[in-house]
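If you check TrEMBL, you get these features:
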- 1-11: compositional bias 'Acidic residues' (COMPBIAS)
- 12-26: compositional bias 'Polar residues' (COMPBIAS)
- 1-26: region 'Disordered' (REGION)
- 77-98: transmembrane segment (TRANSMEM)
- 160-178: transmembrane segment (TRANSMEM)
- 190-207: transmembrane segment (TRANSMEM)
- 236-255: transmembrane segment (TRANSMEM)
- 276-299: transmembrane segment (TRANSMEM)
- 341-362: transmembrane segment (TRANSMEM)
- 389-409: transmembrane segment (TRANSMEM)
- 429-447: transmembrane segment (TRANSMEM)
Amino acid sequence: MKTEQDEDAAQEESSPVSADPQQEPVSTYFEEKVPIPEDDVTKLFSFRKLWAFTGPGFLMSIAYLDPGNIESDLQSGAIAGFKLLWVLLVATIIGLLLQRLAARLGVVTGMHLAEVCNRHYPTVPRIILWLMVELAIIGSDMQEVIGCAIAFNLLSVGRIPLWAGVLITIFDTFVFLFLDKYGLRKLEAFFGFLITIMALSFGYEYVRVAPDQVEVLKGMFVPYCSGCGAAQLEQAVGIVGAVIMPHNIYLHSALVKSRDINRGNKKEVKEANKYYFIESSIALFISFLINVFVVAVFAEAFYGKTNMEVGQKCNESGSPHSDLFPANNQTLEVDIYKGGVVLGCFFGPAALYIWAVGILAAGQSSTMTGTYSGQFVMEGFLNLRWSRFARVLLTRSIAILPTLLVAVFEDVQHLTGMNDFLNVLQSMQLPFALIPILTFTSLTSLMNDFANGL
């Protein structure tokens with residue numbers, strides 16, 4: 001039989017936190033801890049405490065709104081209409097459950113997923129796992145670079161070429177990443193501001209197009225896709241890959257460590273898990289609505305449209321981009337670049353520019369969280385401490401080189417076409433996050449009373 005001393009020892013072993021703050025990992029995001037207010041313990045819910053825990057979930061939700069997601073959304077609407085909205089809903093719910101596990105791991109153990117992998121996996125599997133996660137991060141980074149470059153091109157009416165937009169993203173990333181020097185809460189507020197810009201931008205498009213609400217609800221809650229074929233199946237896989245991003249699970253497990261929680265107190269740990277889940281639910285509900293806005297806009301306005309119909313409309317509106325659409329009766333194919341152009345042709349220049357602002361906000365916010373993901377993953381798997389400058393320089397260089405080559409030597413269709421491949425790549429990388437998070441959160445020796453159970 002276990003004595004109380006044995007149980008206490010097990011608790012200390014599974015919750016490796018020292019009272020010495022110097023033993024905490026030295027990382028950008030953890031230079032300060034957000035204090036949690038002390039309310040009446042008999043209260044079931046406190047808005048003050050929810051506000052104190054608010055931040056990590058919204059940073060995590062940025063990955064559900066990056067340019068790869070927007071591309072997947074608009075293609076889903078244009079190719080399948082409203083029929084795949086239920087896939088988006090299911091993927092978001094699964095994503096929420098995985099993010100809950102990630103947050104729980106970080107809160108209970110005081111370590112993020114990469115650190116836990118480093119402690120429990122032998123060298124070779126650990127290095128392979130690290131390389132796969134890095135590949136997912138670089139793939140996501142490429143999507144963010146593409147999105148920002150296209151946004152700059154649209155906003156400047158083509159005056160900023162794609163290759164220049166790619167280069168601009170190198171420099172603005174460094175600028176934004178140093179915002180955390182003004183304080184953690186201000187950094188989190190800045191991310192909230194970018195999410196608000198996306199909500200307003202894509203919400204404007206939704207109101208302007210005014211999709212059929214009944215069709216939106218049917219697509220969301222009727223899990224069926226009548227008349228769908230290989231193209232729609234590929235799109236469904238792309239939705240899952242765009243929504244559930246492997247490196248985001250690693251990111252969220254690290255972000256939750258920014259709150260001042262006494263992990264030796266079971267009630268505090270339980271309370272932290274509760275408020276983090278509420279915050280994540282709110283954040284992902286907002287991200288889901290924004291994704292629905294994009295799908296519904298393109299489903300309502302452009303599902304079943306032909307190149308000739310769109311080209312004629314662009315000619316009538318005086319758009320300089322009408323040559324993008326050949327004079328044939330093939331079904332319209334859209335991407336985040338053509339999407340903005342088509343919106344401008346049908347609903348006026350304001351729709352185009354507001355679309356571009358939304359894409360720019362998506363790209364800038366996701367590129368910052370992607371850098372944090374890379375930093376946490378490298379520090380956790382390799383015990384390697386790199387400065388933000390070195391980390392951004394490395395990942396940005398790897399992501400920008402192929403993107404820049406395509407931007408210089410090919411047209412915008414080839415550049416945006418990379419997003420489809422990258423979304424499928426994210427789907428293939430999912431097991432390298434799913435297996436570790438499901439394994440470790442099920443270990444009683446690691447999670448104690450907070451382990452997964454039937």
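Backbone N, Cα and C atoms are what each Cβ position is placed from, and that goes for glycine too.
These figures come from a predicted structure and were not determined experimentally.
The transmembrane segment (429-447) makes contact with the transmembrane segment (236-255): 3 or more of their CB pairs lie within 8 A, with pairs spaced 6 or more apart in sequence.
In this chain, the transmembrane segment (77-98) lies apart from the transmembrane segment (190-207): fewer than three C-beta pairs between them fall below 8 angstroms, excluding pairs fewer than 6 positions apart. Long-range contacts of the transmembrane segment (276-299) within the same chain, counting only residues at least 6 positions beyond its ends with a Cβ under 8 Å from a Cβ of the stretch, are 50, 53-58, 60-61, 64-65, 69-70, 73-78, 80-82, 84-85, 88-89, 92, 95-96, 99-100, 103-104, 107, 195, 198-199, 202-203, 205-206, 209, 211, 215-216, 219-220, 243, 252, 256, 334, 339, 343.
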